Amino acid sequence: MRGGQGAAWAPVLQFTNCRILRGGALLREDLWVRGGRVLDPEKLFFEERRVADEQRDCGGCILAPGFIDVQINGGFGVDFSQATEDVGSGVALVARRILSHGVTSFCPTLVTSPPEVYHKVLPQIPVKSGGPHGAGVLGVHLEGPFISREKRGAHPEAHLRSFEANAFQDVLATYGSLDNVRIVTLAPELGRSHEVIRALTALGICVSLGHSVADLGTAEEAVQSGASFITHLFNAMLPFHHRDPGIVGLLTSDQLPPGRRIFYGLIADGTHTNPAALRIAHRAHPQGLVLVTDAVPALGLGNGRHTLGQQEVEVDGLTAYVAGCGVESALEAASLHPARLLGLEKHKGTLDFGADADFVVLDDCLRVRATYISGELVWQAEVAGQ
């Protein structure tokens, strides 16, 4: 009965000897958890006159909100864009395996595919809470097929689409039901795109700009229509130019609606984005940075040939690292910022009182030692010598 009437009678857990990421700083405080949520200890002491039922020594580790990956195409041999009879089992496998990476919530991502694939796959990926079975599913990220041919990247050209006369009806005909969809990436320069952006955002779906040759003016108009995210900044878009910075210019644009914040995904692997470019983006707009893996089905399998949607990709060496910002900023970019992007910051991406107790235990080298969802241990690293 997480957060319900039974929560007051649930056992109280106190995590001690730790540094908690809260308010952009690492604080030497204990973390208190009850009923799957972060608890305010003052209320426990002074109103209920209770103490912890169990204490857990964290050995000086960092406790950060669980990571949220809003762009992951699959992993461990599973391709979310493959229309199998049992898509759910593949999603469940990835959900379970990414717990070891500190991910507690994610958006399974489908690359450009024919309509029959969307119609078969999307109903099989419902929104689902996380737990011992795996990370929670926040909704699907549809990357394509309404993107630029010139900037399609690894997306198959044969399945790209543009918006027809009845733009939003064309979207529905392509995807089928949008019930399980959380993010749609599209190219804003496509005709009637602003009509589609307004219709999607009216349904509570986040619209992201990407795989695009849009200039800055077109990108600004898209944000004014409701777009709020940039898919893998710098990649698959026009390069920054001083006369027209393109989509990248949104990071410092003065033409955004009042109070509107733009977020941007970055793949911090040193290959998709040079560390110097990452530093430029972060210094220009630190609060908008959202770290994404953009992981392919080859995640966890090593080198070789693997599928990505309707085609094969060759993997030769996999590296990943964070460069360009401090530990606190990097951790927030993997947790708080994606939660804000999706409007979940009251419950996810934070360890403020009342939030879901989804968190990751990290050592000083930022290696994941344990992962918790709703205050329950769902993954733990093996201790050397055991």
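Quick reminder: no glycine exception, Cβ is built from N, Cα and C everywhere.
Annotations in TrEMBL come from automatic prediction, not curation.
Note that this is a predicted model, so its numbers are computed, not measured.
Residues or ranges marked as active site, proton donor/acceptor in TrEMBL: ASP294. Around ASP294 (active site, proton donor/acceptor), taking its Cβ as the centre, 20 other Cβ atoms fall within 10 Å, counting all chains.
In this view, HIS232 (Zn(2+) binding site) is surrounded by 22 other Cβ atoms within 10 Å of its Cβ, with every protein chain counted. What TrEMBL lists as Zn(2+) binding site is GLU143, HIS211, HIS232.
Residues or ranges marked as domain 'Amidohydrolase-related' by TrEMBL: 62-378.
Annotation for GLU143 (Zn(2+) binding site): same-chain Cβ neighbours under 8 Å, separated by at least 6 residues, are GLN71, THR109, LEU110, VAL111, THR112, HIS155, THR185, GLY210, HIS211, THR231. Shown in sequence order, GLN71, GLY144, ILE147, GLY153, HIS155, THR185, SER208, GLY210, THR231, ASN235, ALA236 are the same-chain residues outside GLU143, HIS211, HIS232 whose Cβ sits within 8 Å of the Cβ centre of the Zn(2+) site. Within 10 Å of the C-beta of HIS211 (Zn(2+) binding site) we count 29 further C-beta atoms, all protein chains included.
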